[in-house]
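Now, the feature entries from Swiss-Prot:
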type	residues	note
BINDING	Q37, Y38, R39, E40, K41, N73, S112, K142	4-amino-2-methyl-5-(diphosphooxymethyl)pyrimidine binding site
BINDING	D74, D93	Mg(2+) binding site
Amino acid sequence: MRAELAVYFIAGTQDIVRGTLPGVLEEALKAGITCFQYREKGVGSLQTASERKEMALECQQLCAKYQVPFIINDDVALALEIGADGIHVGQNDEGIRQVIASCAGKMKIGLSVHSVSEAAEAERLGAVDYIGVGPIFPTISKADAEPVSGTAILEEIRRAGIKLPIVGIGGINEKNSAEVLTAGADGVSVISAITRSDDCYSVIKQLKNPGSPS
């Protein structure tokens, strides 16, 4: 799982400023993302279940083509219906115990955490495959984001002996990703660093190899 978290792209139709979500996703897959989470939320997102399912299936097919895990944000019913590779939920989404009861053994389970105690609880549950920690930096992609934690939270979680795979979340781009990895994350998740880039190949190359020339 750790290797799959290296460059973890998150997006929904609301994040796309040029082209289409499938078009941007395929470019990112060609460029080397290691995981994709379909997150359809907020202003400008698809509103009907049928639209979301149709888009999810199109994205899932692209991920399968490039052998990259396809994860759905929050929508357990949709993830189970289409056989997603994983489900990711936040502290305020569907209760994690309910998600575990529905999904354990069928797909990977990811959980967002914002503190050492939440990370410890995720590990104690035994069925969470990885945790998303953040927001590390200020983010424009999530209107209801928690307060910014900085990279210190990653160091604190690792010092506490928590061994779950970690992906850093929130305001991460090719210029600051090295800090996130150095602090203890196994990978970085990005939205706008890819969706708002004119050259996602360069961005993803730098995310995979921090410090490499663009």
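Cβ from N, Cα, C; glycine included.
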>> If I restrict to non-local contacts, at least six residues apart, and a C-beta distance under 8 angstroms, what lies near K41 (4-amino-2-methyl-5-(diphosphooxymethyl)pyrimidine binding site) in its own chain?
In response: G12, Q14, N73, D74
> Near Y38 (4-amino-2-methyl-5-(diphosphooxymethyl)pyrimidine binding site), which residues of its chain come within a Cβ-Cβ distance under 8 Å, counting only those 6 or more away in sequence?
Replying inline: A11, G12, M55, A56, C59, Q60, F70, I71, I72, N73
>> Going by DSSP, is E40 (4-amino-2-methyl-5-(diphosphooxymethyl)pyrimidine binding site) sitting in a helix, a strand, or coil?
In response: coil
> Going along the chain, which residues six or more apart from S112 (4-amino-2-methyl-5-(diphosphooxymethyl)pyrimidine binding site) have their CB under 8 A from its CB?
Replying inline: H88, V89, G90, Q91, I131, G132, V133, G134, I169
